[in-house]
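Participant: Starting off with a structure, shown below.
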Amino acid sequence: MLPQNLGSETNFKLPFSFILFSLIALIASQIMLLFNGQMVTGGSFRIPGIWSAAHLLVLGWALMIAMGAMYQLVPVAFLTKIWSEKLGFIQFFITAIGVISFAVTLYFSPQHALIPGILTLLGILMFIFQMLMTLQTQAKPNILTAFVGTALVCLLLTISLGITLIYCLETGTGTNYYQAIFKSHLLMGLTGWFTLLIFGFSYKMVPMFSLSHGFPMIHARYVYGFYTAGLIITLISFFNGQSVLTKVGFFLLLVGFSIFSWHISIIINKRLKKKLDKPFSFALSAIGLGNIIHLAAFLLLWTSTFNKVIGPLVYAYILLWIVLSITGYLYKIVPFLWWTYKYSKEIGKAKVPALKEMMNEKLIAPVLSLLITAVAVVFCSLIIQSAVLFNIGQFVASIVFIVFAGGIFSVLKK
Amino acid sequence: MNLEEKILEALKSVYDPELNMNVVDLGLIYGIGTTEQGDVQITMTLTTPGCPLHSSITSGVRYCVEALEETRNVEVNLVWEPAWSPDKMTEEGKRALGRW
């Protein structure tokens, strides 16, 4: 028999601080993208405004939200307490100050972004240390530990590569490797850190939210094996410049992702809950979209248009796989956190609302459907280089994000 | 209605907020032990180990039973063996999930 003291005992203010910060960063990044639309549609992704917006979106929104979610989900998935909540709060303030100052200097004076970058790095290192110490206390490591542990290693590599990029920019050294470092930074950050993390936690959350039982877990080992092999081979190919190796790497990533999609469909088919919640359904649809993007990236790698489409594909990958997954799960996590804070002492004494009643579910399907449409419009605008189409799509996406953030904030009134 | 039955009836007011189903129909209550003095020991489980709602639900079960006039001390034992499975649900619970 396992000890009784299992589950999340995390102070709700810790994950909540990260989540609230991330929502503000999300809105700010969207507004910045709107103002820089002209440059992006001209094919100029590497300009200060875009660097700043991209980092606000990826670090301020997605990374901060992933950190907040991990403070909530690690105790749930690994049956262990957070190593030090005090360190968690200190880490939040350092990372928040780092991300804000990093985004500001990237916008106004990118050559001075090293110190804010180091501050962000410090915050992230504290987070990695916190999580590794927490995982160490796990009684029985499993395949989820491998996914999350490897994701943390990828996060560390992403940040190290990012700092190296800024160092190269400041000193002018290592120009021969600049492209390879830049590509590796994207690979480790998007497919290494975020994808492996979403894979790992999906294996806990999908059965939990669909009430699935009696499904096999052997597939998860293949997902891990193929996907991490793909990451390593692609990373090597960026530095030795062998395009065949890149193709092999992209193929392994596609295989790993496809097995994951298949495995999740097996788990869903074993569910007891016939009608799935809307936000959860969107998180599941993000898996299909991520799989399509992996397939497109692999197929287009064989064509001469790859360099032209990789920017839009990365954009689609961030928005339709990473952001849509996180958004879907966030609609579940935030009501849970607020419910725990407000009603956990009331249950058994008075009538308490169900988690579903904490949020306006009717709004979720149109909002997230509109987001997918807006991202598709922006994606097309980037391919055909249409500033008008970009502005329309990005305007709709920004409005959707503001409505989404408002919806999350509205939970706090319940 | 004896005390065990009263407790079971009362526990139908304690809901899992994620599934919106009471703990009895979900099949989470494994056993209820009572003494003549009104001491109660409830053995229960959750649908998954590490359920983030475990503290809320077990506290809810305790509060609910403590509120009954006939009870004195209430102890809730959370166990993971035997593991919860769908066949532990009542017919009512199965219907509510829309699976049967």
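Every residue, even glycine, has its Cβ placed from backbone N, Cα and C.
Pasting the feature list from TrEMBL:
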{"type": "TRANSMEM", "residues": "A:12-35", "note": "transmembrane segment"}
{"type": "TRANSMEM", "residues": "A:55-80", "note": "transmembrane segment"}
{"type": "TRANSMEM", "residues": "A:87-108", "note": "transmembrane segment"}
{"type": "TRANSMEM", "residues": "A:114-132", "note": "transmembrane segment"}
{"type": "TRANSMEM", "residues": "A:144-166", "note": "transmembrane segment"}
{"type": "TRANSMEM", "residues": "A:186-203", "note": "transmembrane segment"}
{"type": "TRANSMEM", "residues": "A:224-242", "note": "transmembrane segment"}
{"type": "TRANSMEM", "residues": "A:248-268", "note": "transmembrane segment"}
{"type": "TRANSMEM", "residues": "A:280-302", "note": "transmembrane segment"}
{"type": "TRANSMEM", "residues": "A:314-341", "note": "transmembrane segment"}
{"type": "TRANSMEM", "residues": "A:362-384", "note": "transmembrane segment"}
{"type": "TRANSMEM", "residues": "A:390-412", "note": "transmembrane segment"}
Participant: Could you check whether the transmembrane segment (A:186-203) packs against the transmembrane segment (A:55-80) - three or more CB pairs closer than 8 Å, residues at least 6 apart in sequence?
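Facilitator: In this chain the transmembrane segment (A:186-203) contacts the transmembrane segment (A:55-80) - 3 or more Cβ pairs sit under 8 Å.
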Participant: Using a Cβ cut-off of under 8 Å, list the residues of the same chain at least 6 residues beyond the transmembrane segment (A:362-384) that approach it.
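Facilitator: For the transmembrane segment (A:362-384), the nonlocal Cβ contacts are 40-41, 278-279, 282, 289, 308-309, 311-312, 315-316, 319-320, 324, 327-328, 331, 390, 392-394, 396-397, 400-401, 403-404, 407.
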Participant: If you count Cβ pairs under 8 Å, which stretch among A:12-35, A:224-242, A:248-268 touches the transmembrane segment (A:144-166) the most?
Facilitator: A:224-242
Participant: Are there residues at least six beyond either end of the transmembrane segment (A:12-35) with Cβ under 8 Å to its Cβ atoms? List them, or say none.
Facilitator: 49-50, 52-54, 56-57, 59-62, 64-65, 67-69, 71-72, 82, 85, 88-89, 92, 96, 99, 103, 107, 330, 333-334, 337-338, 340-341, 391, 394-395, 397-398, 401-402, 405, 408-409
Participant: State the residues, same chain only, that lie 6 or more residues beyond the ends of the transmembrane segment (A:390-412) and have a CB under 8 A from a CB inside it; answer 'none' if no residue qualifies.
Facilitator: 19, 23-24, 26-27, 30-31, 33-34, 37, 40-41, 319, 327, 330-331, 334-335, 338, 358-360, 363-364, 367, 370-371, 373-382
